[in-house]
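This report refers to the structure that appears directly beneath it.
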Amino acid sequence: MANPALTEDAVNTGAVAWVLTSAALVFLMTAGLGFFYGGLVRDTNVINTMMMSVASMAIVCLTWVVFGFSWAFGDNGSTGFGMFVGNFDYSLWTNLDMKMWGDSGLPGLCFAAFQMTFAIIASAIISGSLVERMRFSAYSIMLALWSLLIYAPLCHWVWGPGGWIAEFGALDFAGGTVVHISSGVSGLVAGAIVGPRRHVEKELGPANAPFVILGGSLLWFGWLGFNGGSALSVSDGVAARAVATTFVAAASSMLTWLMLERLLKGKSTSVGASVGAVAGLVCITPGAGFVTPGWSIAIGALGAVWCYASVEVVNKVNLVDDTLDAFGLHGMGGIGGAILTGIFALDGGLIYTGSFELLGKQIVGALAGVAFSAIGTAIIVVALRLVMKLRIPEEQEVEGVDQHTHGETYHSPVKKYPQMKESESTEASDTV
């Protein structure tokens, strides 16, 4: 159905202001992710790691405009092919300019731009499983293909017209499955195919803990728009609820993570505080507008335990080099959040109804996201491996990626000053 023409009466000015502001907040999250990831790697790989996030801003912006948005939100009917992917009606963002997005009160371009920021950060999250060893060119191509062939169809399943997960009745308020399960699982699969790092110095710790704190804080700040903006309105109270639950779950998760570190490792770290907050933010995402602030305390605390255990298990088993724990935080956090939404959701949650119906639907939806993301990403990365090199040369990996790939370094080059002659040195000292 064609979108109606934009008129002054049709526009909900408050909703437009909030969603556009939220789009800016979510866009900032990708820069925050760059700092968050960049602070965790070796100091010879900081630039490359941050560039993997920055590049997604440009790459996915264009793929989303050309085909991505249309494949995600085009109306292809509610049966058959339309259950799985959209169409080409909005390619190059046609039929959106000076048009309303249905009866939402939002201009079509407002909605498309907001959704674009989700596609960007979802793509960037994948890099957390690939840094310090993957060629930047191969990563860029993979990102473009992934945003079109994995993210856009999965987005249609959950949020698009006629999408089968939405029709099935599973809930995903702001992207637990669409963003976090898809990126976390895809990163793990891609990391397994690319292979582990050859040069690991975990005992050295993060290169820059303040970067991690800055990145985590920017993520938390932007997440208020990520979850709050997903209400797409300001008049029904859902946006306010989503913002409130986002604050509370992140705080609860951070404190729980710090307590776990203190009990199990003897010290509570600044990096742990940032990682713990992100774990809570991931876990509250699918239920932010569906649960109460009180229950979001439990979601944050349980999510922290779940993600902490997931990260520890993945690193201890060590079958895949999940470099920056993208799977442990985002993949497992998204799964945990989906399950917790089925338990605590006001409408249909287990604690309110005593019924396992919604919980079962949440599990099915999450597992569908896992399966599609894993299989689809495996096909993309294996296909790329057949036609191009995925890894940087071993000597460059050992020496560091930044200088070889970007011609830049995190640390300024040591400046060489001309040496003073002995006579000049003597004269200078005599004048003091």
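Note: Cβ is positioned from N, Cα and C throughout, glycine not excepted.
Predicted automatically and left uncurated, TrEMBL annotations should be read as such.
For 17-409, the entry in TrEMBL reads domain 'Ammonium transporter AmtB-like'.
Residues or ranges marked as region 'Disordered' in TrEMBL: 398-432.
Under the heading transmembrane segment, TrEMBL lists 15-38 (among others).
Residues annotated as transmembrane segment in TrEMBL: 50-73 (among others).
Sequence-distant contacts of the transmembrane segment (106-126) (same chain, at least 6 residues past either end, Cβ-Cβ under 8 Å): 3, 6, 11-12, 15-16, 19-20, 22-23, 26-27, 29-30, 33-34, 52-53, 56-57, 59-61, 63-65, 68-69, 72-73, 90, 93, 95-100, 143, 146-147, 151-152, 155, 175, 178-180, 182-184, 186-187, 190, 226, 229, 232, 326, 330. Summarising the annotation, TrEMBL assigns transmembrane segment to 106-126 (among others).
Residues annotated as transmembrane segment in TrEMBL: 138-159 (among others).
As annotated by TrEMBL, transmembrane segment applies to 171-195 (among others).
Taken from TrEMBL, the feature transmembrane segment applies to 207-226 (among others).
Taken from TrEMBL, the feature transmembrane segment applies to 238-259 (among others).
Positions annotated as transmembrane segment by TrEMBL: 271-289 (among others). Panel annotation: around the transmembrane segment (271-289), residues 36, 39-40, 171-177, 179-180, 206, 209, 212-213, 215-217, 219-220, 223, 226-228, 230-231, 238-239, 241-242, 245-246, 249-258, 261, 296, 299-300, 302-304, 306-308, 325, 329-330, 333-334, 336-338, 340-341, 344-345, 362 of the same chain, lying at least six beyond its termini, place a Cβ under 8 Å from a Cβ of the stretch.
Residues or ranges marked as transmembrane segment in TrEMBL: 295-314 (among others).
Per TrEMBL, transmembrane segment is recorded for 326-346 (among others).
The transmembrane segment annotation in TrEMBL covers 366-387 (among others).
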Positions on the same chain near the transmembrane segment (50-73), where near means CB under 8 A and six or more residues out: 27, 30-31, 33-35, 37-38, 85-93, 112, 115-116, 119-121, 123-124, 127, 130-131, 136, 139-140, 143-144, 147-148, 151-153, 155-156, 159-161, 406
Beyond the flanks of the transmembrane segment (326-346) by 6 or more, those residues with Cβ under 8 Å of it: 125-129, 170-173, 176-177, 179-181, 183-185, 187-188, 275, 278-279, 282-287, 290-292, 295, 298-299, 302-303, 306-307, 310-311, 314-315, 320, 352, 358-363, 365-366, 369-370
